[in-house]
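Novice: Input: one structure, supplied below.
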Amino acid sequence: MTWEILSIIGTVAFAISGAIVAMEEEYDILGVYILGIVTAFGGGAIRNLLIGVPVSALWDQGMLFHIALFAMTVIYLFPQKMLPHWQRWGNFFDALGLSAFAIQGALYAAKMGHPLSAVIVAAVLTGSGGGIIRDLLAGRKPLVLRAEIYAVWAILAGLAVGIGAAHSPIRLYILFMIVAALRILSYTYNWKLPNKSLKAKAS
Amino acid sequence: MTWEILSIIGTVAFAISGAIVAMEEEYDILGVYILGIVTAFGGGAIRNLLIGVPVSALWDQGMLFHIALFAMTVIYLFPQKMLPHWQRWGNFFDALGLSAFAIQGALYAAKMGHPLSAVIVAAVLTGSGGGIIRDLLAGRKPLVLRAEIYAVWAILAGLAVGIGAAHSPIRLYILFMIVAALRILSYTYNWKLPNKSLKAKAS
Amino acid sequence: MTWEILSIIGTVAFAISGAIVAMEEEYDILGVYILGIVTAFGGGAIRNLLIGVPVSALWDQGMLFHIALFAMTVIYLFPQKMLPHWQRWGNFFDALGLSAFAIQGALYAAKMGHPLSAVIVAAVLTGSGGGIIRDLLAGRKPLVLRAEIYAVWAILAGLAVGIGAAHSPIRLYILFMIVAALRILSYTYNWKLPNKSLKAKAS
């Protein structure tokens, strides 16, 4: 049950974030739905691939499609006065998707008895897959690779699951909310990690 | 049999469209073959993933390789007086690939008893996969997301299959030709969908 | 055993090449690890997909993670006086990954009894997958499609395996070293293939 709810949250959140990016990039109405669907189900397909579920299992989730389509339609018809805040909303839904899918990836790897390092990598790759597909298709550098703190929170999700700190449904929901909240805080207050540049040092 | 013929049409058409894009981007001779092969088999791999066929089944299709290689060689040696029309030819072969793979995706999802919405999404993702890979590798925005009518025709293919309007081989071939013809008409006469831009409205 | 050693060489080499590209693109410390991991395991995931191994088998390779993480840390802490040569080092590790994964792809396709053309295509797609993912995520055109000789050496690996010239472990290691060395020579001395440009001829 927890698993299904995380799937729904992750898929719908990525669908909305893809739709918002498509509107920012001035795609037509169908481009908005397409980028939303590709982000949501591309992210889900990468998750399925990485955790060993057949990708074609996606088609069984008819309800999920309808929720995602409905959510994108609401976003498309959103009142215009909210528009200046949409980049923030895009990041908000991306954070929900990241958190939900990262926890799923970590849960899968932990259940299979993989070592902690594999659980963490599974969390990062599963959580960031949807956003990577969205950003590549929109011609942007993937959010996970740009200068904000992003993957750290997926690592945290992997760590919490990997050390067994989130074994009950209620703890998983709390972990989901913590990870999403930390991601939201990190772009709101523009937290950064140190970077080491070849160019800067070479010059 | 219909399924195999659609596979051959789709694979060869995407191989040629990849080769043409590679020549437009001024890649060397090997780049032309590589982008053609990656487009054809990347599109086929995405189709296989989405419809639950092992991706490694691609290697059994030795004849398909030879047809694709032969077709790309013909395109590479094409008389130069045809060159000014090659972007149109690229779109032509892309339309054939889109139509063939969209119908395959829809047929699979319908046969598995999935709801109509899933059949339509399967048609769109399966049909556009090859072109998405080609355009990403060439550093272009995917055709399916740019401002022309593209995905509408894959949706039409999904709809026709999903409501059971194309249950015989002859009807499937007619559907294939209608979908490809509509796509060709839409870029020839530059049909467009309305778009809703965040930037335009925010300013 | 040979297979495992080629896996380790390919995965670690792609991890390092991803980390170097990330430092060239001025990503932060986590971006360096993420691009390294995504390159290494994305390349491995594409290899697994293409040769019919479940992608989730990646998570069993705990030791491989640790080696890759250790190698990326060493690269990250590398003395600054080596920096001007890092593009060359990036190409060096990419060549190792290309050679190792191309041979694996060819071995798989040959073992399954596929025709020579399929063995060659398997070598090219398996060998170039990791580099394609790395370059797409870094916003670059894939190395395999740019104007240097790259895929030729993967084709050579496929040919050697396909005609049965590399049936013993020692011959496979020699083939690995020859393919990697030829790739290194081709960028060191800037070997090129002829190219046929649409734009140049159309004008």
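Cβ coordinates are placed from backbone N, Cα and C, and glycine is handled just like the others.
Okay, so TrEMBL annotates it like this:
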- C:5-78: domain 'Glycine transporter' (DOMAIN)
- C:6-23: transmembrane segment (TRANSMEM)
- C:30-51: transmembrane segment (TRANSMEM)
- C:63-79: transmembrane segment (TRANSMEM)
- C:91-110: transmembrane segment (TRANSMEM)
- C:92-161: domain 'Glycine transporter' (DOMAIN)
- C:116-137: transmembrane segment (TRANSMEM)
- C:149-166: transmembrane segment (TRANSMEM)
- C:172-191: transmembrane segment (TRANSMEM)
Novice: Report the listed stretch (C:6-23, C:91-110, C:149-166) having the maximum count of Cβ pairs within less than 8 Å of the transmembrane segment (C:63-79).
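Specialist: Looking at each of C:6-23, C:91-110, C:149-166 in turn, the most contacts to the transmembrane segment (C:63-79) are made by C:6-23.
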Novice: State the mean pLDDT for the domain 'Glycine transporter' (C:5-78).
Specialist: 84
Novice: By Cβ distance under 8 Å, which residues at least 6 away from the ends of the transmembrane segment (C:30-51) in the same chain are close to it?
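Specialist: Here the qualifying positions are 7, 10-12, 14-19, 21-23, 57-58, 68-69, 72, 76, 97, 101, 104-105, 108-109, 122, 125-126, 129-134, 137-138.
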Novice: Quick one: DSSP breakdown of the domain 'Glycine transporter' (C:5-78) into helix, strand and coil?
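Specialist: Per-class counts: 64 helix, 1 strand, 9 coil.
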Novice: Which residue counts does DSSP yield for the domain 'Glycine transporter' (C:92-161) in the helix, strand and coil classes, in that order?
Specialist: 56 helix, 1 strand, 13 coil
